[in-house]
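Trainee: Sending over a structure as structure tokens; questions will come in a sec.
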Amino acid sequence: AMLNQTEVSEFILLGLTNVQGLQHFFFISFLLLYLTSLLGNGAIVIMVISEPRLHTPMYFFLGNLSCLDIFYSTVTVPKMLTGFLFGHQPISFAGCLAQLHFFHFLGSTEAVLLATMAYDRYVAICNPLRYTLVMSPRACLLLAVASWSTGFVHALMHSVMTSQLSFCGHNHISHFFCDIKPLLNLACSNTSLNMTLLNVVTTSVALGPFTLIVLSYLYIISFVFQKVRPQEGRWKPFSTCASHLSIVTLFYVPVLFNYTPPSSGSSPKRDVQVSLMYSAVTPALSPLIYSLRNRQVRSALKKMLGRKL
């Protein structure tokens with residue numbers, strides 16, 4: 001039966017909108033967001049490397065997160081921007097798989113990294129005396145490597161599984177990048193295993209770290225209310241958590257929307273809007289959140305800019 005079917009060699013990304021006026025508006029908005037993401041996250045990476053005062057576990061993980069965000073927005077946004085300028089974007093089958101792979105690799109790494117950062121805050125607040133022992137440079141490095149590896153293996157599973165599918169019908173993807181769900185809709189072979197993996201594995205890669213984050217914060221809250229006397233200022237331990245919590249919210253609200261079952265019931269249009277949140281908006285906001293909330297980051301930034309000027 002496979003002989004008379006023409007295999008699809010490339011896909012067409014339909015992008016966000018066909019409305020001419022909107023395309024230019026979107027182009028400028030997302031270009032600005034992308035540049036903000038590159039500059040903001042780039043500044044944090046350089047700062048964490050060059051400023052000895054920031055050579056602590058918290059900033060080591062923040063540097064990893066900023067590095068991730070630079071790659072993450074680069075996987076989808078430039079292609080989306082060319083779409084706004086030149087209309088529908090062709091993308092080869094291999095390019096499509098690469099985009100899918102890196103999107104899920106970096107996205108799931110970020111989920112695990114956010115959980116690692118929550119664990120770091122938990123140890124810092126609830127076990128301050130053992131903090132340097134528990135979060136030794138070696139432990140931090142292992143946790144970071146574990147985060148990146150988990151993300152990589154998870155994405156590899158999806159890209160290998162998707163590469164096994166055959167595509168023979170129409171090749172228009174109503175999205176601005178190659179995500180798994182829109183691709184599964186186009187496949188003409190059986191996708192039930194792929195769908196199961198998406199529902200089971202991807203949901204646990206999203207919910208596992210999320211559960212750890214919630215647990216860390218429950219421990220922190222109960223510790224603060226049991227051990228810290230009101231006059232010592234109960235809010236003080238939370239000040240280092242505030243920026244982390246903001247980013248967790250920005251990242252997880254859309255992710256939980258998009259990837260928790262039933263995946264079948266969600267509308268493609270909403271999927272696209274939600275994906276925009278974490279591929280373009282969140283990476284631009286997270287360095288701002290960290291530098292606004294954080295005195296050490298602000299002073300290091302001033303120092304760095306002072307050297308440049």
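Cβ from N, Cα, C; glycine included.
Note: TrEMBL annotation is automatic and uncurated.
For reference, TrEMBL lists these features for the protein:
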- 40-290: domain 'G-protein coupled receptors family 1 profile' (DOMAIN)
- 25-49: transmembrane segment (TRANSMEM)
- 61-81: transmembrane segment (TRANSMEM)
- 101-119: transmembrane segment (TRANSMEM)
- 139-157: transmembrane segment (TRANSMEM)
- 205-225: transmembrane segment (TRANSMEM)
- 237-255: transmembrane segment (TRANSMEM)
- 275-292: transmembrane segment (TRANSMEM)
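Buried or exposed, and what's around them? Tell me for each listed feature.
Mentor: Within the chain, the transmembrane segment (25-49) has long-range Cβ neighbours (under 8 A, six or more residues past its boundaries) at 16-17, 55, 59-60, 62-63, 66-67, 69-70, 73, 77-78, 80-81, 84-85, 280-281, 283-284, 286-288, 290-291, 297, 300-301, 304.
Residues 13, 15-16, 27, 30-31, 33-34, 37-38, 40-42, 44-45, 48-49, 89, 91, 99, 102-103, 106-107, 109-110, 113-114, 116-117, 120, 140, 143-144, 147-148, 176-177, 247, 275, 279-280, 282-284, 286-287, 290 of the same chain sit 6 or more residues outside the transmembrane segment (61-81) yet have a Cβ under 8 Å from a Cβ within it.
For the transmembrane segment (101-119), same-chain residues at least 6 beyond its ends with a Cβ under 8 Å from one of its own Cβ atoms are 58, 61-62, 64-65, 68-69, 71-72, 75-76, 143-144, 146-148, 150-152, 154-156, 158-159, 177-180, 202, 205-206, 208-210, 212-213, 216-217, 244, 247-248, 251-252, 255, 278-279.
Long-range neighbours of the transmembrane segment (139-157) within the same chain, counting only residues 6 or more positions beyond its ends whose Cβ lies under 8 Å from a Cβ of the stretch, are 57, 60-61, 64, 100-113, 116, 119, 197, 201-202, 205.
Listed as Cβ neighbours of the transmembrane segment (205-225) (distance under 8 Å, sequence separation of 6 or more from its ends, same chain) are residues 108, 111-112, 114-115, 118-119, 121-122, 125-126, 150, 154, 234, 237-238, 241, 245, 248, 252, 255-256, 259-260.
Here the transmembrane segment (237-255) has Cβ contacts under 8 Å with residues 58, 65, 107, 110-111, 114, 117-118, 121, 124-125, 206, 210, 213, 217, 220, 224, 228, 274-275, 277-278, 281-282, 285-286, 289-290, 293-294 of the same chain, all six or more residues outside its ends.
Beyond the transmembrane segment (275-292), the same-chain residues lying 6 or more positions past its ends with a Cβ under 8 Å from any Cβ of the stretch are 16, 30, 33-34, 36-37, 40-41, 43-44, 62, 65-66, 69-70, 72-73, 75-77, 80, 103, 107, 175-177, 179, 243, 246-247, 250-251, 253-255, 258, 298, 301.
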Trainee: Please average pLDDT over the domain 'G-protein coupled receptors family 1 profile' (40-290) for the predicted structure.
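Mentor: 88, rounded to a whole number.
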